Amino acid sequence: MIADVSKSDKIVVEKSTVPVKTAEAIEKILTHNSKGINYQILSNPEFLAEGTAIEDLFKPDRVLIGGRETPEGRKAVQALKDVYAHWVPEDRILTTNLWSAELSKLAANAFLAQRISSVNAISALCEATGANVTEVAYAVGKDTRIGPKFLNASVGFGGSCFQKDILNLVYICECNGLPEVANYWKQVIKINDYQKSRFVNRVVSSMFNTVAGKKIAVLGFAFKKDTGDTRETPAIDVCKGLLGDKAQISIYDPQVTEDQIQRDLAMNKFDWDHPMHLQPTSPTAVKQVSCVWDAYEATKGAHGLCILTEWDEFKTLDYQKIFDNMQKPAFVFDGRNIVDPEKLREIGFIVYSIGKPLDAWLKDMPAVA
Ligand SMILES: NC(=O)C1=CN([C@@H]2O[C@H](COP(=O)(O)OP(=O)(O)OC[C@H]3O[C@@H](n4cnc5c(N)ncnc54)[C@H](O)[C@@H]3O)[C@@H](O)[C@H]2O)C=CC1
Ligand SMILES: O=C(O)[C@H]1O[C@H](OP(=O)(O)OP(=O)(O)OC[C@H]2O[C@@H](n3ccc(=O)[nH]c3=O)[C@H](O)[C@@H]2O)[C@H](O)[C@@H](O)[C@@H]1O
């Protein structure tokens, strides 16, 4: 398409996260259709995160531009650098060769996801030993070589990119004859899957080894707060796990629509990556799932409540009111460590917080149902 409409030399910029060597494929296609026009392909991966996109755009940690190491390539890199120089300090604009730029984006996402899987792996050990994952993460993160960010234990990471990008990295390693490296990165996803099923097991085993016919309130469905995006959200796996044991689920998320939730729960794994026009227009509603527009409504008459997204409003709910309207014993399973377990225990809840010392009730129950 670019070749069809171009009338003068062009710089083509890759912003998407792509397999290493994609620029080469683009270059070949454009060159073969060029009609005498010259193209320079640059890799300029996007590092913004959802929920903080504008801030990330205005104040990026770094901007990365990769290009061909030829005079024309360097000129194209400089042209794009000049655009960013309008608002990004020069020392934050990094220039590299094309393949380094493409690979750096995959590597950055893999490192970020690896940190979460690392702290989540430690959270399982904390529960087994009486350590507190928040204290451990704080102590570990105080080492300036490690740093404090991205060490929040959770029910698992989600979002459209981490899993996709790691699988991309794994595929590239396998294609390049590096199975050991591929297996190393695969483990980050395996731990993420383990964390989600571990959470479901905790819910089921705590509630007398079954949630069949029990009402479970789910607070939060988006993959993180401040977005309505549900792609690869851990809530999908947790809800499917609970539905597998025949729970009745009542979901409240401030941003996600009922239609989206039903669509997500009706879809097979990885179908999220299919364009909307290939998805069923009216998916069969999952009958045991209801979606409500209020946390109090979701928890009314519930046997247990699961917090799956760290929305700020969940921190300030009236948990006494929630407790009064729930079945007893009333359970809270905090998949984001946003509530104070001690305060909730004082109210009367049985509380499970990821990676925190278990209360007496949970200690007596097997970790796996
Ligand atoms: N969403 C985010 O916060 C960030 C996304 N990225 C990267 O940006 C890219 C786009 O991400 P999103 O906008 O979130 O995805 P998206 O799913 O909203 O948009 C992707 C678009 O590509 C189209 N598409 C998919 N396969 C195609 C194909 N084979 N041929 C032509 N078009 C195709 C889809 O129909 C869709 O319109 C991805 O590579 C992602 O990794 C990078 C940083 C942040
Ligand atoms: O390539 C992309 O699309 C983007 O992917 C991530 O951004 P995003 O997925 O929007 O959100 P994150 O803030 O990274 O969170 C991802 C997941 O990890 C979880 N998470 C994050 C941090 C943490 O400490 N613990 C944790 O469980 C979040 O809840 C969420 O489910 C990266 O942070 C961006 O730099 C990158 O540009």
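A Cβ is built for glycine as well, from the same backbone N, Cα and C atoms used for every other residue.
Matching K7, K10, K105, K287 to the substrate binding residues that TrEMBL gives (F47, L48, A49, E50, F150, L151, N152, A153, S154, G158, K224) identifies K105. Together with T17, E50, K164, the NAD(+) site in TrEMBL holds one more listed residue from R231, R263, R336, which is R231. Largest CA to CA distance in the substrate binding set (F47, L48, A49, E50, K105, F150, L151, N152, A153, S154, G158, K224): 23 Å, whole number.
E50 (NAD(+) binding site) falls within neither a helix nor a strand when secondary structure is assigned with DSSP, and so counts as coil. Checking the binding-site residues F47, A49, E50, K105, G158 against ligand 2, the ones whose Cβ sits under 6 Å from it are F47, A49, E50, G158. Residues T17, E50, K164, R231 are the ones the record ties to NAD(+), and the longest Cα gap between any two of them is 16 Å.
Cβ atoms within 8 Å of the centroid of the Cβ atoms of T17, E50, K164, R231 (the NAD(+) site) belong to the same-chain residues G159, S160, C161, F162, D165, E232, site residues excluded. The domain 'UDP-glucose/GDP-mannose dehydrogenase C-terminal' (217-341): residue composition by secondary structure is 43 helix, 19 strand, 63 coil, according to DSSP.
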